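Data first, discussion second: the structure below is written as structure tokens.
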Amino acid sequence: MKIGILAVQGAFAEHKAKLEKLGAQCIELRKREDLDGGFDGLVLPGGESTVQGKLLRELDMFQPMKEKIEVGMPVLATCAGLILLADHLSNDEHVYFGTMPVTVKRNAYGRQLGSFHTIQEMKGMGEVPMTFIRAPYIEKCEEGAEVLAEVEGNIVAVKYKEQYGLAFHPELDEDDTIHSAFLESVKKYKVLK
Ligand code: GLN
């Protein structure tokens, strides 16, 4: 099983370490040609969504990556990655991939209070630790988007088709639950493909 990890900016190394520990092979996606490397799942890491969006376009990676998501490739998107997937941002005029029918608010906890840690139930997965860093949250889900977790009444995790959108950073905690669930989706996709 091969996972492509967007590695133009942000916290990609931690995802790679965790996925490799779980037995997946990983390739870092830094340029257009890396997208031809035959991977079965995609990770969009945290970082700065505006910078990532700009680099994806400049590097000519935007359209081919969007097409892979649109045909059903499983995606694990964390924080800035969730912002890239959302089809609406409530406080920003940009839309990036727009492949997930959710409205996301950037820096939703404010810039100062933006970082905190909690443990919450994820639907079907039990309790998982959640680290938030200048995090967005999901204000609204449209049809087909399933809420996986809420923290204090705000939606922080959603699944749409095989796309996981998380406001927090599961790669920064010891727990492997979410990455394992993602790899299960990838396994399923690989069989169906
Ligand atoms: N605040 C960042 C953004 O809007 C996201 C923060 C993160 O990925 N940790 O892109």
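Residue numbering: from 1, along the chain as shown.
The backbone N, Cα and C atoms fix where each Cβ goes, glycine too.
Automatic, uncurated: that is what TrEMBL annotation is.
Residues Gly47, Glu48, Ser49, Ile133, Arg134 are recorded by TrEMBL as L-glutamine binders, and the candidate that the same record lists for that site, out of Arg30, Arg106, is Arg106. Geometry remark: Arg134 (L-glutamine binding site) versus Cys79 (active site, nucleophile), CA distance 9 Å. Sequence-distant neighbours of His169 (active site, charge relay system) (same chain, 6+ residues apart, CB-CB distance under 8 A): Ala11, Glu14, Gly46, Thr78, Cys79, Met130, Thr131, Phe132, Ile133. Those residues of the chain, other than Gly47, Glu48, Ser49, Arg106, Ile133, Arg134, with a C-beta within 8 angstroms of the mean position of the L-glutamine site C-beta atoms are Gly10, Gly46, Cys79, Ala80, Ile83, Asn107, Ala135, Pro136. Long-range Cβ neighbours of Arg106 (L-glutamine binding site) (same chain, at least 6 residues apart, Cβ-Cβ under 8 Å): Ser49, Ile83, Leu89, Asn91, Asp92, Pro136. The C-beta environment of Glu171 (active site, charge relay system), restricted to residues of the same chain at least 6 apart in sequence and closer than 8 Å, consists of Ala11, Glu14, His15, Ala17, Lys18, Pro45, Thr78, His179. Taking the Cβ of Cys79 (active site, nucleophile) as centre and 10 Å as the limit, one finds 28 other Cβ atoms among all the protein chains shown.
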